[in-house]
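Okay, structure first, notes after.
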Amino acid sequence: NGTSVKEFILLGFPGTWQFRVSFVVVFALIYTLTVIGNASIIALVWRSSNLHTPMYFFLCNLSFLEIWYTTGVVPKAIGVMLGTSQTISFSVCILQLFFLLSLGSTECFLLSVMAYDRYLAICYPLRYSSLMSSVLSVRLALSSWLGGFLAISLLAFLTSRLTFCGPDVINHFLCDIDSCLALSCSDTGPVELATFLVSIIVVVASCVVTLVSYMYIISSILRIQSAHGRKKAFSTCSAHLSVVTIWYGSTMFLYVKPSAQNSLDLNKIVNTFNTVITPLLNPFIYTLRNKEVKLAL
């Protein structure tokens, strides 16, 4: 009992071999489509001069993030479900946790920046090019990436200081904060408090910025006289609003809570949607109703 755990066993999705193989096929297909879809958006924006605007610059950042976000989860999850790579060392577990939470935080900041960009485009159309310059858009994107990784640094450090005496089985296909806290035999109070505070700062604050931006956007759209003008204005932000709703709904369920008492099985399902399904949906949501992207394609 005095020895600390050096590696964990990821449980994945327990079931028959056929059940797990079917999950592997689905995960592999989704991962392939996610990488191809998001990489296609980046290539399309890069090749088409008509898409060299701040909105598509932020979309490229989001697509680049989604590729790495799902890459940090799916390959390992496939190994876990096949039974070829169920163990994960403590250091790699902390690294995966840090990587995924940092990218998730960066996505929160990017989505709020994209909402602010749409606010300027719709509420100040004549001054938009001067207000959202290329220099400002680069700074906002860099700030989102830097802020996302810095916000999780303290949380990852505190988690790495936890002691694990056993059991060493994680009821998940990845290392997340709730699973680590459930297995720790040391005081998890500081980590739970840090998780809650970081969640409030990152998720809730960015969500408030997004909601306020859309309050002004909707108010401006409703003041447009023609129905065609209102439809055109709303179409420029409807895709982003869909992504925001999906992302913040699942993220708040997972992280904005005072303690890690959610069902780990339920967390597993929501995490699957958050880390596997959402990165696949984003490229389709942004392209299916976007005439500019269709024309460039």
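Glycine is treated like the rest: Cβ placed from N, Cα and C.
Because TrEMBL annotations are produced automatically, they should be read as predictions rather than curated entries.
Feature annotation from TrEMBL assigns transmembrane segment to 20-46 (among others).
Residues or ranges marked as domain 'G-protein coupled receptors family 1 profile' by TrEMBL: 37-286.
Annotated transmembrane segment per TrEMBL: 58-82 (among others), in sequence order.
The transmembrane segment feature in TrEMBL is assigned to 88-116 (among others).
Per TrEMBL, the feature transmembrane segment maps to 136-158 (among others). With a cut-off of 8 Å between Cβ atoms, the residues of this chain six or more beyond the transmembrane segment (136-158) that come close are 54, 57-58, 61, 94, 97-98, 101-110, 113, 116-117, 177, 190-191, 194-195, 198, 201-202.
If you look up TrEMBL, you'll see 193-217 (among others) marked as transmembrane segment.
Annotation comment: TrEMBL describes 238-256 (among others) as transmembrane segment.
Residues 5-8, 10, 55, 58-59, 61-62, 65-66, 68-69, 72-73, 76, 140-141, 143-145, 147-149, 151-153, 155-156, 159-160, 164, 170, 174-177, 180, 198, 202-203, 206-207, 209-210, 213-214, 217, 237, 240, 243-244, 247-248, 251, 274-275 of the same chain sit 6 or more residues outside the transmembrane segment (88-116) yet have a Cβ under 8 Å from a Cβ within it. In the predicted structure, the domain 'G-protein coupled receptors family 1 profile' (37-286) carries a mean pLDDT of 84.
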